[in-house]
Amino acid sequence: MVDVWCQVWNLQLLLCLTGLLQWDLCSGQIQVQIQKGPLYRVKGYPISISCNVTGFTGPSNRDFQFIVKKPNIINMISTSDPGFAYGMFSDRVRNKEIEIQRLSGSSVLLKINNLLENEAGDLLCETLHTGGAYYGDYDDETKLNVIADTLEASYSGSPSQSLSEGDPLQLECQVSSQTFQHTHLSVTWFLHGEQDENPRPIITLDKDLTVKPGAEFEDRYGAGLISMDKVEDTTYRLKMPQVQLSDQGKFFCKAIEWIQDPDRSWTQIAHKTTTACNVEIKPIVAPGVGSFSVYLKASKGPLQEGDALDIHCSVNAQNHPGHFFSVTWLKNQQKVAQIGSFGMLTMFDSYKERENAAEMRAVKTSHMDYLLTIRSARAEDQGQYQCEVWQENMNEDGTFKKVQKQMSSPENLSITAKESDLAVVMVMEDAVTEGDALRVTCSVSGFKGPLSVSWQHKKDSGVSFSDVISLTHEGVMKDVGARYQSRNVQTLHSPAGNFILEIGASATSDSGDYKCIVSEWTVQSNGEMKTANTQSQQKAIIVNSVESLMKVTLKSRTTNVPIESPVELLCTVKGPKVSLAVRWMFQPRNSTVQTNILSIRHTGEIAWRADQRNYQLSIEALPTDTRFTLMVPRASKQQDGQYQCQVDAYQKDVQKALKNSNPLAVTVQKPVSKMRLSSPTSHLEYTVNTDAKLECSVMRTTTNTSRFTITWIFGSQMLLSMDLDAVVKFGPAAGLEMDQRIRMEIRQKQNFQLTIHQVRTSDSGQYHCEVEEWLQDPLGDWYSLKKMSVSTEMVVKEKASDFKMNKADTQLKVEEGKQLMLKCSVDGIGSDSTLRYSLTWMFDRYQSSNVALLTYSHDGRLKYNSFDSELEGRLHFFTPEVGVFHLTIHRSIQEDRGRYYCQVQQYKLDCKGQWSLKASDKSGFTNVTVQLIENKLHVHKKEESLNISNLQAGFTIDCVIESRSSDASVFEVTWSRRQRNERPVIMFNASRDGTLHSAINDKDLVFGHPKGMHYKLTVPNVNPTDTGLYHCQVVEWIQTAPNKWRRIGEDKSGDISIHVDTEERQKEGSFAMDKKDKDRFIKEGEQFDLECSLDVGKEDPTHLYSLTWVFNRPESTSGIPLLSYSYNGRLQYHMNQDRLRFSIPTSGTFHLAVLNSDIADNGSYQCRVEQYQFDCEGQWKPVAKDLSGSTMVTVHSIESKLHVQKDNRMLNITNHQAGFTVDCVIDSRSSDKSAFEVTWFKVQKEAGPVTIFTAMRDGILHSEFSYKYLVFGRPLATHYKLTVPQINPTDMGQYYCQVEEWLLTANSWKQLASDKSGGLSIYVHTEGDSEIQTNPLGATLGVTIPLIFILVLVIILLLRRDHKRNSELKKKKDSLWAENNPLTPMPEETPGAGDHS
């Protein structure tokens, strides 16, 4: 029991605390509430919207004001300021069309008497601040939408009826609404009697489909004498089986349209009242007892063909129990229909068929009332009508006996032919959206009979109409067109006479003209239907694609934020109401790759590609757009970059559009560093082998969570560093030993101390402490803020030491090729075994820099510093004793001259077993001079003369070297032959590496080397053409380094004169050479031709010729054979084989072409010809020889004439699909045989020129863009172009091309010139550009005026260029390149082909 009481007490205490907490939170906090939206109200009707305020203190009456945002703010009305309203509302407020009704001091109603379309928007209700601190929400907002009035209500029956008391009454009205929103209808029938001040409600079918009788008709409704039915969708029928005299008056119905607001309440938004039907009620005069009377009543008013005709027959009888009545309708005394005593119906003559066609019927509506109805009256139905009634009694056998008959008064009915006023008006929207239902309404008026409709459509004006669908007058849909067989197409007929064509899920192909053809039908006398009248009308409609209506924009107010601040990106999608799929894309800064943050499928699923914790997403669907908001709650540097949203539109799971928003760059900035360092002692002094301590302290930090990296720098190299995790790493300045002596520790959180144990003099210098502050971003990444550094100079002084070097300077001369001995020694070395020395040998090369040759460590390690690998191979180091060091340089060369010295450090072994530096010193300089080997080459120069008669013996040319410059030298020997008064021609060469080369093709020369300084050459099998002067030339070489030789000297022997004589003299040669000297001037790269002509007189078949073409360089003493052609047809090239072309066009004419001339081809050219004769022994023997004149060839360098067009242009691009072209036009070139290499560059503000595409001179194309296909074209030999398709904002920048001109000379390519074009500035417009402009008029004028001036200038330049290009095109006959196909030659241009560009 105690537990129960405790639980009850705890519950009460909890409720009390909850109430106190709510009172504490709410008390004094202003809260404004406006009626929750969105609200939909109909144009032209009065509306009221409530607004109240709670939680305020102070005066009980609060002031309110209402504001409309669309999207600019427009003041509507205020309770405190009569002049508050802006212009569009001021007149309406003044005329009380807009007013505020106060319900209480804190609650009001905004009333608008006649709602207008321009009053739609976001409605803001504000309460004014009355003083003190702001606390709470002082305004609230709702959405007000103004929609069209589509409610229709009509009464189509007879405008008046005359009834007798007790007669039945049935009335119908049609009510419909085409409102897009979900609404309900209520319909009420009213009676306005002559004595009634206001109409009385008879019965109501409410919005929830419940039936409610009026207050004065509740009893009759309960007795079943009043009812209301809803027939089909739009017809509301009132039934009163027995009218009373009080029912006389005007009957009409009123329709009200209701909508349910977001607060679940129902609000009346529209109402309509029909025309009235005037009903007259006649009192009934009671007949006598046993008698009865008959009354006939027919439809009043003028009747036309097709109208409904009702003929009532009423029997008024009293006290007739057990009697029955039979009723017959007569027309012109002819029976029409009869209802017998038992209620059996009999139709007479032709009326049977009309009854079978449901055109006529006769019914007993009550005990004494009978009705004959003709649904569609005909002209033959006019005439005199009567009712014949027989009172009958039933016999016992069940038969009837007629007792008495009464006839009604006759009544004449007139039926006239219907005059049709058929009119057709088409009602439709001018445009609909793809996928929505296409609805076309054909409003018909002035019709009397049944209607049918045919719908037709044509897409374009040039084609004919095609059938869509038809609806017969009987209401049957048929004739669906071929294009619409599988589509949801229907046509409807409303009771009001409107025909509606509906095409579900419209497509863009449904655009075009629609025609409705309406036909009115009438009934012929034979009962068949015929067309009475036909009217048609057509109207155009456009079906807009979803993609054309969609607009995607990305914007943000937080594009430049510090780290940890929120970033909110708003992607707004405007367009039709379709399912949307959205992808948020992100491209990090300095990257070209986009990544997907998240994807929202059109079905609603969300797929996160990035870490979901770093982002928040919200979606807001508004009537005018859909807003996707991506929020980064705490931004980091990883989220710095470019964002874009990509939107897909879907209809019924079918993608209809893909739109990308504008890219939006977000910059995430680091916070400003507040770090400060304390200033250390600027100068510290320590003694060798003591411990040094250097301080580095942070006085102030940016945040309490800051971390630091510390770097100690000694001189210009890093000594050690400590990272964020306090891990210490040594740098290159620590060396091999110092890393054992240095230590860094954190004494306090922000105090860092560097300790150097056992300091040495080499530790002296400037120490820099570099501190970098780091913070951690929301993703856990560390980023640096700022670097600061402080410096301390430390001086380490030596203790007194007796260590010193021999500082005497010495001079040393050495002969080239000999070895060089260097020595370095320490003075005053004792017997202390704890001392050791390290050494670095330095070389101050002559007229060059100071370098270290080698380093010898105190622990015996030797390291050569390989700055010169050749010198390193000639070094030899050794130390014969402690403190004495020798360095030998083998095979000295001229480059070894300079100053040599050594730096020595003394190390001492301490008590811990560690070697520490004690002292250091350097030696004096050894100045080395290398003497070159003196040229002592001398060749034996004895002159000799030989007469040779024995042709088989031959002769030998000895080459004896009497003295040489060096025993290490080698020789190169060349033998030459010349005729008197001619230049010598090389015939044989023995190279220094032993390679032999003979320039004589028709003879096997024999080389000999019997001794080291004796060379010989034997010429066997001589003939008279061997007559001449022979000598040898010797060049002495010495090797100074691997693959490096120096020429010491050159000398030649004396001449040996050879004269060949035979006992049997051959007859004299019978040919002569052209001895005339010639000059040829050639441009570099061109071909030049040489010709050698013989005058042979009469041709002799026993004579043949050998030829040698000789080239003499300027200032050369010997000719160089180019090629030899033997009498037996052998051809041998001695040099430049690839560039020489030899031919014999005619007998006695020899032709030599030299291709791709070069400057090195300057010189004279001669041909030496020998004549051979066929003797009786069948041998070819030389009989004569001769030398042509010289052809002096001068090759001139080509003057650069390359020029590329330099027009500067600017291009603004809005159509991203169009792309742009960068033209490169070469106005002039240096040579017709040159080739071009063209490179296109892009220049951006932040970076320099970047290569984007290159067309090499050999036709190879290379693109630097892997993500974009650049299109290359070469419409002319001197016109190149590059097209950039499908551009985006990253393509903005300046573009130009650079042309290099190349020429093929001597089997190698030579660059002649280089030139670049003018710049093409590209600016790509995006959808967001317009939002950046703050002064549109000023910006437009500031840009437009210069653009007009530039445009006029560009047009003038283009006209001049086109004129010049057209002139050039007339001279061109072919084009080397085809656009997009650079390796395929274009066919030869035909006349009239025009400009291919």
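Cβ coordinates are placed from backbone N, Cα and C, and glycine is handled just like the others.
Predicted, not measured: the structure shown is a model, and the values here were computed from it.
If you look up TrEMBL, you'll see 1-28 marked as signal peptide.
Annotation comment: TrEMBL describes 142-255 (among others) as domain 'Ig-like'.
Taken from TrEMBL, the feature domain 'Ig-like' covers 287-408 (among others).
Summarising the annotation, TrEMBL assigns domain 'Ig-like' to 410-535 (among others). For the domain 'Ig-like' (410-535), the DSSP counts in helix, strand and coil order read 6 helix, 67 strand, 53 coil.
What TrEMBL records for 550-655 (among others) is domain 'Ig-like'.
Averaged across the domain 'Ig-like' (663-791), the predicted model reaches a pLDDT of 88. Feature annotation from TrEMBL assigns domain 'Ig-like' to 663-791 (among others).
The feature domain 'Ig-like' is assigned by TrEMBL to 798-906 (among others).
Residues in the domain 'Ig-like' (956-1034) partition by DSSP class (helix H, G, I; strand E, B; coil) as 3 helix, 45 strand, 31 coil. Annotation source TrEMBL lists domain 'Ig-like' at 956-1034 (among others).
Annotation source TrEMBL lists domain 'Ig-like' at 1082-1171 (among others).
The domain 'Ig-like' annotation in TrEMBL covers 1182-1300 (among others).
Taken from TrEMBL, the feature transmembrane segment covers 1337-1359.
As annotated by TrEMBL, region 'Disordered' applies to 1369-1397.
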Need a quick answer: max count of Cβ pairs under 8 Å to the domain 'Ig-like' (956-1034), which of 550-655, 663-791, 798-906, 1082-1171 is it?
1082-1171
Could you give me three numbers for the domain 'Ig-like' (1082-1171), the DSSP helix, strand and coil residue counts?
6 helix, 52 strand, 32 coil
I'm a bit unsure how to read this: which one of 142-255, 410-535, 550-655, 798-906, 1082-1171 has the highest number of Cβ pairs shorter than 8 Å with the domain 'Ig-like' (1182-1300)?
1082-1171
Helix, strand and coil totals (DSSP H, G, I; E, B; other) for the domain 'Ig-like' (1182-1300):
3 helix, 67 strand, 49 coil
Per DSSP, what is the residue count of the domain 'Ig-like' (663-791) in each of helix, strand and coil?
9 helix, 74 strand, 46 coil
